[in-house]
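Written out below as structure tokens is the structure these notes cover.
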Amino acid sequence: MAVRCHNLLEIMRCLLIDNSNTRTKFAIGTENELKPLAARIPTRDLSPTTLTEALQGESYDCVYLCSVVPEKAALMAEFFQNCPFHKLSYQSDLGIQIDYPKPEQIGADRLANAIGVHHLFRSPAIVIDFGTAVTFDVVGADATYLGGVIAPGLPSMTDYLANRTALLPKIELSEPTSAIGKSTVDAMHVGAVYGYRGLVREIIHKLRDEMPGDPVIVATGGDAELIAQGVEEIQHVSPILTLEGIRIAATRHFQS
Ligand SMILES: Nc1ncnc2c1ncn2[C@@H]1O[C@H](COP(=O)(O)OP(=O)(O)O)[C@@H](O)[C@H]1O
Ligand SMILES: CC(C)(COP(=O)(O)O)[C@@H](O)C(=O)NCCC(=O)O
Ligand SMILES: [K+]
């Protein structure tokens, strides 16, 4: 097995892993910075072989895993068994408070997003992650995780129609050119992209109505760019937000 752990006396390099349902992202983080993405593996393809290939040439002192896919988390715990290893949970040292009846239910990526938005931007905040699911997480003014919303992600708009109809194709989404679709595919783009923006706007407004103060609204995840460009309420798109949250939690865990 090609796991290489070095015990450097200098700055600790931690392998940060965002194991979400569609893609698993890997990056090296130190106390001071997040290095560019080291690898991205489709989550369903994660195996000792794909891990070894993807991480060839990377060196790190510790591994910090954020997972919402238990079967793959178990695989990686085993793969990295020779390294100092930690899996993010509500019991980890996160640097934020949690005000939630059953904190063990909260997806680890949602906690990482809350940490990321508080550190990269500020709180109060709403962080929206456009992945397999779309999640909205609310961080109160005192950096307390308060809860949020889970809805089907943008792929549900296309996968559902392709799987459940005879005549609708599987499409790649892009910005519609007009609301009145002039072809099947055009009409589907409008339904998915404009329709999804409506869902997002309505949820943002409902959340803001219940929040004291003026939250910063930040988007992340694979579909953030496409959707956020038409939602004026979203102030920033930050592709690295989840990994940044994981880096901060890893630093707190391994360096304090
Ligand atoms: N190169 C790509 N590979 C896969 N999905 C992509 C890619 N570029 C954009 N996407 C979009 O990003 C979504 C996955 O986002 P991501 O944030 O990786 O999800 P998750 O965090 O749930 O794994 C896909 O459903 C797709 O719509
Ligand atoms: C809501 C999620 C499916 C989002 O996962 P993702 O789209 O990032 O792959 C994940 O955060 C999860 O499984 N959460 C557990 C349930 C909860 O957060 O309440
Ligand atoms: K995610």
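Just so it is clear, glycine is given a Cβ too, placed from its N, Cα and C backbone atoms.
Nobody curates TrEMBL annotations by hand; they come from automatic prediction.
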Next item on the list: Select one of THR52, THR132, THR135, THR144: the residue that TrEMBL places in the ATP site alongside ASP18, ASN19, SER20, ASN21, THR22, ARG23, THR24, LYS25.
Entry: THR132
Check: By the DSSP assignment reduced to helix, strand and coil, which category contains THR132 (ATP binding site)?
Finding: coil
Next item on the list: Would you count the other C-beta atoms found within 10 angstroms of the C-beta of ASP18 (ATP binding site) for me?
Entry: 25
Next item on the list: Identify all same-chain residues not among ASP18, ASN19, SER20, ASN21, THR22, ARG23, THR24, LYS25, THR132 whose C-beta atom falls within 8 angstroms of the centroid of the ATP site's C-beta atoms; report them in sequence order.
Entry: THR43, VAL68, VAL69, ASP109, GLY131
Next item on the list: Compare all C-alpha positions of ASP18, ASN19, SER20, ASN21, THR22, ARG23, THR24, LYS25, THR132, the record's ATP binders, and send over the largest distance in angstrom.
Entry: 14
Check: Cα of ASP18 (ATP binding site) to Cα of ASP109 (active site, proton acceptor): how many Å, rounded?
Finding: 7
